[in-house]
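S.K.: Please read through the structure below; I'll follow up with questions.
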Amino acid sequence: MNAATLHRKNVKMMRHGIAKVLLYTFLIAFGIFMVYPLLWVIGASFKPNDEIFKSINIFPSKVVLDSYVKGWQGTGQYTFGTFLINSFKLVIPVIIFTIVSSTMVAYGFARFNFPLKKPLFGIMIATLMLPDSVTLIPRYILFNRFGWVDSYLPFIVPALFASHSFFIFMMVQFLRGLPRELEESATIDGCNSLQTLIKIVVPLCKPAIISMSIFQFIWTWNDFLNPLIYINSVDKYTVALGLRMSIDGTSVIHWNQIMAMTVIAMLPSIIIFFLAQKYFVEGVATTGLKG
Amino acid sequence: MKYYRSKNYIGLLYISPWIAGFLLFKLYPFVMSFIYSFTEFSILDKSVFTGLDNYIYMFTKDKLFFPALKATLAYVLMTVPMKISFALFVAMLLNMKLRSINIFRTAYYLPSIFGGSVAVSVLWRFLFMKEGIVNKFLGFFGIKSIDWLGNPDVALFTVSLLAVWQFGSSMVIFLAGLKQIPNELYEAAIVDGASRMRKFFSITLPMISPVMFFNLVMQTINAFQEFTGPYVITGGGPMNATYVYSILVYDNAFRYFRMGYSSALSWVLFLLIMVFTALLFKSSSYWTYYEDGGK
């Protein structure tokens, strides 16, 4: 190798190195830019009220916990704790029923042949694209007739009937990727289809079930329009409604309290995200959920 | 295989919850909203058939209908292209076989987990207040304070930035699509001396086009129905600049209890979404590429 080619090689490597450094710099800067608003609101929730808009600094000059104490108490007779408990009362049954119903339905679609299977599956896929807004009003009228308004039933009962086609689709995709040998041998051993589902299929579907629970948690927890429509009394308010009430109710003076409650409203999603990141990304990637 | 065929109706039994749910919570409301759209109906009274009155009122008398339509279209046309091109760009950067890509992916995905929540909308309000930190930040570059939320020309853009910030799920879908492109294609292109641009337009874009199509359809359908952001950040204002269609439907149904009229409104939105989706589907045969030569 003569000196000229060696030199050219070095230049090429250097250029490659510089490109890498530039790329990493960009990715890091962009990452900070993306996460900054979240870090800022967390920092701001610990700042004294008059310091919040003084600088773009994340860290407070002195940590104040008063925002959390007062924000938690709120202005009315209900604390933020009530709203948190309410949200869990709504979200947990929705998740459990979604898992049970969607897994069952997906099992039916993925493992059995029955009359009209193809058109029914087609309809299921089509409802993925059906805008919620077009069914919103009659559904409200229907639930109003049932006397379900101002309760969590408008959320829980649809979950019982596998109304979230996304999750059925996701499970069907997952089941199609699973080998059937285990199920077939279970049948030979005398299991009926329900026993096979519970003993063989469900344990194998654990990753998909975890993804499903995470997404259902995030969506239901963050949902605002449906609670806004269905829940009227403050003692049944979810976190979303409680937070919305606190920005309406308090004057602009108590910024740090509102920020503290914003952080609390976000916290469950953040915890779940970091605990189960893998399932998040896989869930989105395999089915293209809206996230 | 025999086993599955012999138990013909058991499958139906398994999917029966979904069938019931579909009939009761999807099909019935869908049909009923069409019927209600020809009536005058507050939940308290009986509905009265009024023919096309709701639709005529909408297009001739409702002063908020066209502003809402305009705001929604502008919102969709701003949000969807920005979000998708952003998501693709970042996904391509992350696809360059770097170390610690997981950390970046996590950071970029994080804002998306809050979806259309109140919390994130409240945060947006604080960030973009006149004395908020976005203006503080711009001040470092000598840019004068912008009235992000109070200026009717800017407010909708501010609101749509929130959706763009949450490009994470589109990014992850793109990333999965990019991983599937066989490396041989790029290797062959390098042998042929193709430029970076050429590789992008002749390999990446065609290969990713089905994923792009999927993202476009889903994001468009969602953007048309955006509610929480504009409702919480700006409350539809200033001067109805962010008064998107969903707020119009919500106000008519749940503030004025005009269930018939708001059903008509929601059907117009539905048709609009269908037209957009149909256009995307129609056009897709020109720009999406399937390796097996289409469906």
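Positions of Cβ are set from backbone N, Cα and C atoms, glycine also.
Automatic, uncurated: that is what TrEMBL annotation is.
What you are looking at is a predicted structure, and each value in this text was computed from that prediction instead of being measured.
Heads up, here are the entries from TrEMBL:
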type: TRANSMEM; residues: A:21-42; note: transmembrane segment
type: DOMAIN; residues: A:84-276; note: domain 'ABC transmembrane type-1'
type: TRANSMEM; residues: A:90-109; note: transmembrane segment
type: TRANSMEM; residues: A:121-143; note: transmembrane segment
type: TRANSMEM; residues: A:155-175; note: transmembrane segment
type: TRANSMEM; residues: A:196-219; note: transmembrane segment
type: TRANSMEM; residues: A:258-276; note: transmembrane segment
S.K.: Of the listed stretches (A:90-109, A:155-175, A:196-219), which one yields the highest count of Cβ-Cβ distances below 8 Å with the transmembrane segment (A:121-143)?
M.R.: A:155-175
S.K.: Determine which recorded stretch among A:21-42, A:90-109, A:155-175, A:196-219 has the most C-beta pairs below 8 angstroms with the transmembrane segment (A:258-276).
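M.R.: It is A:196-219, which has the most Cβ pairs under 8 Å.
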S.K.: Are there residues at least 6 beyond the ends of the transmembrane segment (A:155-175) whose Cβ is under 8 Å from a Cβ of it, and what are they?
M.R.: 90, 93-95, 97-98, 101-107, 109-111, 124-125, 127-128, 148, 201, 205, 207-208, 211-212, 215-216, 220, 226, 230, 283, 286-287, 289-290
